[in-house]
Amino acid sequence: MKRTGAKKARSQNPGPAPEKKPGYAPRAAASKILAAVVDRKTPLDGMLDSEHGNGAYRSLSAADQSLCRALVLTSLRHKPMLDAAIARLLERPLPSGARALAHVLTIAAAQILYLDIPDHSAVDIAVEQAGADPRNKRFAGLVNAVLRRLSRRKDKTLAELENLSPIPDWFRERLVEVYGAEKAFAIGRAQLTPPSIDISVKSDAEGWAEKLGGTVLSTGTIRLDKPSGAVTGMEGFDAGEWWVQDAAAAIPARLFGDLTGKRVIDLCAAPGGKTAQLILQGGDVTALERSKSRLRRLEQNLERLKLSAETICADMMEYQPETLFDAALVDAPCSSTGTVRRHPDVLWTKDFADIEKLADVQYAMLNRALAMVRPGGIVIFSNCSLDPLEGEANVARLLAEREDVERAAFPPETTGPISHLLNADGAIRTTPADMLDGATGLDGFYAVAIRKL
Ligand SMILES: C[S@@+](CC[C@H](N)C(=O)[O-])C[C@H]1O[C@@H](n2cnc3c(N)ncnc32)[C@H](O)[C@@H]1O
């Protein structure tokens, strides 16, 4: 019986799968990951993780993982432009069920238009991808024709796409409503440029800038000009001399100024970039964080930096301090739309309803933080959203609903180089289209100080 079964199995075996072209696997993984982001709203960070990420990504070599990452990021950064370029070459739209095929085309078009990859490999592998999927086999000829035409009219297409906004409609429309058409366009285009690596140092910014090949910005952040290799391998990392922190993300904690002799609570603390700043500004710091694993990461970061804080794993909405604090920072969980340059998936996984929900959560957090400071104490509320519902509108609501709080001015020495980023209400508002020291390249951030009376 056993022998017969084995024989039967052998006779049904279709034989080894045909060899795929070199470069097939990273492109197939990229198409799958793009589908997960766009169609199933799965955040990218978790999927592009060598240990716990998407299976197709994990099985790639290190070099193929970085190609896959570049393919997905480039496709997301330019998605509406790629969709427009492909649509112009199709006689009729793809059937609505052909989502997988659409992603194969997007990944291939991104290579042809925006990456330094020979067009023929992009075309051949996309045709092979279509042919390997029984649902898309019949479109292999179409894929070939469309991509070859795109390759032939590359320069013309790029010129035609110059004036398109590379962000999804829901977000573009919201930006136009809030910031006006011109600034909305500039913010959209800013996400096409991958961000530089910015670091915060414990001390001697000039010295570290020289050692690491960077420039000291007027806020004290060092912007690395041409970082090569992993940041963790760079001088001073193991010694705990610096940490990675976007120039805009470094602004909110600095706005407290000198914290010597003050008890400060950082209420949404992990991974701890701002906790480190509060300690270095002289505060006696308590770092509170709801996620156990993220708090562990914060503790490891502080250990590396040789900085100390009391750490508490708790939900800030439930935590009851024994003694009120002099100051609190709420760097609240938000829509993260200010980080589109580094997380271009955000705009494809979230929508306006998420912004509305998050705004309410943050409003409750701001009120809770005010309950934890003494009269006269200051709360700085910040987030990396571009939407005023999560920032300005929450503060307006707070001031309208409560008489025991007021706006507080930031200490003047903290806003010198960034006074152009103060809005009419004296809060900081940055966008990826704003300049610092004459150059663009900032995450979007909001930060405001509120005094409890
Ligand atoms: C924007 S991140 C904070 C980044 C951090 N301030 C920094 O600069 O490194 C928000 C953090 O708040 C945490 N968080 C969200 N809701 C919370 C809550 N109710 N209580 C405490 N922490 C919370 C999240 O787990 C996340 O780590």
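A Cβ is built for glycine as well, from the same backbone N, Cα and C atoms used for every other residue.
A TrEMBL annotation is a machine prediction, not a hand-curated record.
Copied from TrEMBL, the annotated features are:
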ACT_SITE  Cys384  active site, nucleophile
BINDING   Cys268, Ala269, Ala270, Pro271, Gly272, Gly273, Lys274, Glu289, Asp315, Asp331  S-adenosyl-L-methionine binding site
COILED    285-315  coiled coil
COMPBIAS  1-10  compositional bias 'Basic residues'
DOMAIN    159-453  domain 'SAM-dependent MTase RsmB/NOP-type'
REGION    1-27  region 'Disordered'
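Everything TrEMBL records as a feature, shown here on the structure.
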residue: Cys268; record: S-adenosyl-L-methionine binding site; DSSP class: coil
residue: Lys274; record: S-adenosyl-L-methionine binding site; DSSP class: helix
residue: Asp315; record: S-adenosyl-L-methionine binding site; DSSP class: coil
residue: Cys384; record: active site, nucleophile; DSSP class: coil
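Taking only the Cα positions, the spacing between Cys268 (S-adenosyl-L-methionine binding site) and Cys384 (active site, nucleophile) is 13 angstrom. Here the coiled coil (285-315) has a mean pLDDT of 98 out of 100. Taking the Cβ of the residue listed as 'active site, nucleophile' as reference, residues of its chain lying under 8 Å away and at least six apart in sequence are, in sequence order, Ala248, Ala249, Cys334, Ser336, Thr337, Gly338, Thr339, Asp443, Gly444, Phe445, Tyr446. Put simply, the two farthest-apart Cα atoms among Cys268, Ala269, Ala270, Pro271, Gly272, Gly273, Lys274, Glu289, Asp315, Asp331, the recorded binders of S-adenosyl-L-methionine, are 19 Å from each other. Of all the binding-site residues given, namely Cys268, Lys274, Asp315, the one with the smallest number of surrounding CB atoms inside 10 A is Asp315.
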